[in-house]
Amino acid sequence: MNKFWVVTLETYKKHVKSASFVTMIIGPIVMIGLIYGINFMSSKFSHTNEIAVVSETSELSTAFMTQTKKDFDFNKKIKTEEEAKKSLEKEEIDGYLVIKSKDMKIDGQYIGKKTLGTEDTMLIQQNLNQIQIGMNSSQLKLSQAELGSLLSPAGYSERQVEFVDGKMKDNENNRMIMTLVGMGVLFAIYTIVLTYSSITAQEVASEKGTRIMEVILSSTTAAKHFYGKVTGIAFVILTQVGIYIATGAVAYLFVKDMTVVKSFFEENSFSALLKGLLGYNMLYLLLGVLIYTILSAFTGSLVSKVEDVSKAVAPVMYIVMAGFIPSASLGFSNPQSVVLKVLSYIPFLSSFAMPLRIANDEATNPEIWISLGLLVVAIVLLLKLSAKAYKSTVLIYSDKSMMNVFKDAMKFSK
């Protein structure tokens, strides 16, 4: 077998079989499962507060209890505020709602030893508003049809179009889906680089200047060894991403009947989601992760001790933040920004900026291909430079700074 593939497979197997990799895979899945399980159990077995409702007239309290009978448990025996106070003191109820009406204005006040949750508070406010609307319509002698007409909201819709051969037609790009996918690419690159930058740098730095490396280099070249390490880590990343995609596909089968999921896909087609995931965004995700993997390997080759790996990956994280922060902030608020446009052509930063420009139809196909071309050229040049530096420093143990080691590597490689 080619020595390059030997190094690649050894690197891949070492990391895939490690406990840390299994933890990285299972951890997020377990966390999401726990969150879903807690929310499900909470909604299934949530305790409905038992409260009393008192008012100056029985019509008000009856109307409120009728509207909210599915949301609260009511103690209907309590009719006065004094009775409610005594029951609250004895902890027979969780609290009571006092409804007052003065000058055609309804006011409600909840009294309890503990405050209500946000959801219950909103329910009370909404239902009091409904009673207020009903009272106002009766006072104004409005019919149900007139009331419905008065409360009906204004209509609003958006139509995204494009011009082909001078004719206007609907643009099938779904902006919401594309923006979500663009932000997904943004956070995916950030998370992957955050996770694997130190792993990659440590993989390259761990064997430098050792007897093991001397033995390895007696059977293969430093460049092949470096390329194999980088490719092995890249395969590990692809494996993790692939597992998450497969897990997501299986999870979809279980959640597709949920109301939230159904309503989302009623407004946004599944094909539009796949188109957003498998188009240019996927290219930027893969190339973005690749260039940062190579950069992490490059910085790792400039240190001689594993303890210095954190210093080695610091420049990588600075560059990531330089792309992530402005892209995340401008992607939603101002996608037409000149800053975002400039970032979309800078190789290390374009993977963050360009997907958001694409989502907002701010980038033409020629602009995208120019950006991708620059990114590919940068990857090739960085790979060559990294292999060159690795070749010159692989057997050297030095306490010099990374910059000085790099300068020495360039001198030795001439």
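Cβ atoms here come from the backbone N, Cα and C positions, even for glycine.
As recorded in TrEMBL, the features of this protein are as follows:
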TRANSMEM  20-38  transmembrane segment
DOMAIN    20-387  domain 'ABC-2 type transporter transmembrane'
TRANSMEM  177-199  transmembrane segment
TRANSMEM  233-255  transmembrane segment
TRANSMEM  276-300  transmembrane segment
TRANSMEM  312-331  transmembrane segment
TRANSMEM  338-356  transmembrane segment
TRANSMEM  368-387  transmembrane segment
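A Cβ distance under 8 Å defines the sequence-distant neighbours of the transmembrane segment (233-255), meaning residues of its chain 6+ beyond its ends; these are 8, 11-12, 15-16, 21, 24-25, 28-29, 188, 192, 196, 199-200, 203, 261, 289-290, 293, 297.
Outside the transmembrane segment (20-38), and at least 6 residues removed from its termini, the chain residues within Cβ reach (under 8 Å) are 195, 236, 240, 243-244, 247. In this chain, the transmembrane segment (312-331) lies in contact with the transmembrane segment (177-199); the count of Cβ pairs under 8 Å, excluding pairs fewer than 6 apart in sequence, is at least 3.
Counting same-chain residues at least six beyond the ends of the transmembrane segment (368-387), those with a Cβ under 8 angstroms from any Cβ of the stretch are 222-223, 226-227, 230, 280, 283-284, 287-288, 290-291, 294-295, 297-298, 301, 344-348, 350-351, 354, 358.
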